[in-house]
Amino acid sequence: MKSNLSILSFGVISKKPSPHPKVGRFTAASLLAVLLLLEGGMFSSHSLPPALLEKVFQYIDLHQDEFVQTLKEWVAIESDSVQPVPRFRQELFRMMAVAADTLQRLGARVTSVDMGSQQLPDGQSLPIPPVILAELGNDPTKGTVCFYGHLDVQPADQGDGWLTDPYVLTEVDGKLYGRGTTDNKGPVLAWINAVSAFRALEQDLPVNIKFIIEGMEEAGSVALEELVEKEKNRFFSGVDYIVISDNLWISQRKPAITYGTRGNSYFTVEVKCRDQDFHSGTFGGILHEPMADLVALLGSLVDSSGHILVPGIYDEVAPLTEEEINTYKAIHLDLEEYRNSSRVEKFLFDTKEEILMHLWRYPSLSIHGIEGAFDEPGAKTVIPGQVIGKFSIRLVPHMNVSVVEKQVTRHLEDVFSKRNSSNKMVVSMTLGLHPWIANINDTQYLAAKRAIRTVFGTEPDMIRDGSTIPIAKMFQEIVHKSVVLIPLGAVDDGEHSQNEKINRWNYIEGTKLFAAFFLEMAQLH
């Protein structure tokens, strides 16, 4: 950490967390005023109130240990939604109750919506944790920003390779380790912390704020879409903008704004001869073996350069523009660091632009596994009687899920027919999620950029996410409001993995970012 105060090129002061939080602050307000005037056209009519900004940032710095303590308390709740067992469901209900109480103490009007129960494949029924709908402020002259977050987590067990207890927040060298720290309890709390700073300073919130917080995101956001549809003309009727903070930067130190994600079509292809397996000594050489058919089918989908071989699959991919190419050129990505941190010897592409484009704006096909095959240690001479291959295609604008389903099915049927196999083949698409992309010229994207310059002193990377975040597309299609993803976590946070963490710096500066975002939205709305 180089210094406590850094003068930024866009005329605002960013305060880094410091063991001596009062150092250097006596000049901050005056410097802010001077620098804001220097900004000229960009801020001349939209300058943030420097004294208020300084007060809010000071408050956040001085109370950062309290914010970390609250995160510790939230991490201690084992709100695992993936494992369908009563104990974890009880923890989920407890987590949602704690969050509702936290918002009520801030003065929010909170409704915990009963979501009913979830029927599991084994016939078991488990209650779905409530979804929190909360509101702070209803001033018709102000913009209304709705924040989405989730408080459920992926499974975690120290025996699986965690260096610390995943449910005990542990700080090591400024890194806060624990399940849910970056996905998504930390970002949810950062938003709440930003609100609490204005409340504690007895300042009016610059915007009206709404929350929608769920507890089943990691399990597919069970029943959430129905709720959003139901509340479209009620809870969401006055909402102007929607903010999600549920992904990561592409670097360790440079912040980002995410304006697009890929979709996902997940397929299974089943090849069946009979229900029972065969002995290879008795039947090998006289059968069309299901595994051989399946391997041929899977091998027909993608070549060694990553190019998808399904005819027509690229036909609807949005054309590449010069403006988009320049966006990739502006992104900071150290390829050597990225390769080393990924622990791979070589990528398919050699330039930053090619890698980013194939992660974000071109489709990819991945083969995930084979069900029914022998995969245990040892040498079992079996011919599987029935096997199921699993693969998925990450979709990009303007690909259509139903068109992709037809293209893939037709391709596999053609390949299978040429093998003249007596086996039966069935292709199924088990998941179809459309890609999402936003207009980066929307008001809240400009506000987010300005807030990032205020806090971090740099232009953000404008990125897409190669994964799928269905909630963004859902909000955009149902509520018809602008959606922005403002991640807080660094690329190495390890969401879903062992030793998940969020850096204290990201958590605290992220809290400031949201506070500055409120003020920018008020100016620009």
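Keep in mind that glycine also has a Cβ here, set from the backbone N, Cα and C atoms.
Feature list (source: TrEMBL):
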| type | residues | note |
| --- | --- | --- |
| BINDING | His150, Asp183, Asp246 | Mn(2+) 2 binding site |
| ACT_SITE | Asp152 | active site |
| BINDING | Asp183, Glu218, His496 | Mn(2+) 1 binding site |
| ACT_SITE | Glu217 | active site, proton acceptor |
| DOMAIN | 260-417 | domain 'Peptidase M20 dimerisation' |
| SITE | His279 | site 'Important for catalytic activity' |
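Taking Glu218 (Mn(2+) 1 binding site) as the reference point, the recorded positions whose C-alpha atoms are within 10 Å of its C-alpha, out of His150, Asp152, Asp246, His279, are His150, Asp152. Distance between Cα atoms for Asp183 (Mn(2+) 2 binding site) and His496 (Mn(2+) 1 binding site): 8 Å, as a whole number. Of the candidate recorded positions, Asp152, Glu217, Asp246, His496, the one lying closest to His279 (site 'Important for catalytic activity') when CA atoms are compared is His496. Distance noted between the C-alpha atoms of Asp246 (Mn(2+) 2 binding site) and Glu217 (active site, proton acceptor) is 10 Å. Apart from His150, Asp183, Asp246, the residues listed for Mn(2+) 2, the same chain places the Cβ atoms of Gly149, Asn184, Pro187, Val188, Glu217, Glu218, Ser245, Glu495 within 8 Å of the centroid of those Cβ atoms. The two recorded residues, the residue listed as 'active site' and Glu217 (active site, proton acceptor), show a Cα separation of 7 Å. Glu217 (active site, proton acceptor) sits 6 Å from His150 (Mn(2+) 2 binding site), taking the C-alpha atoms as the reference points. Of all the binding-site residues listed (His150, His496), His496 has the fewest other CB atoms within 10 A of its CB. Neighbour density at the Cβ, taken as the number of other Cβ atoms within 10 Å, is lowest among the recorded positions Asp183, Glu217, Glu218, Asp246 for Glu218. Between the C-alpha atoms of His150 (Mn(2+) 2 binding site) and His496 (Mn(2+) 1 binding site), the distance comes to 14 Å.
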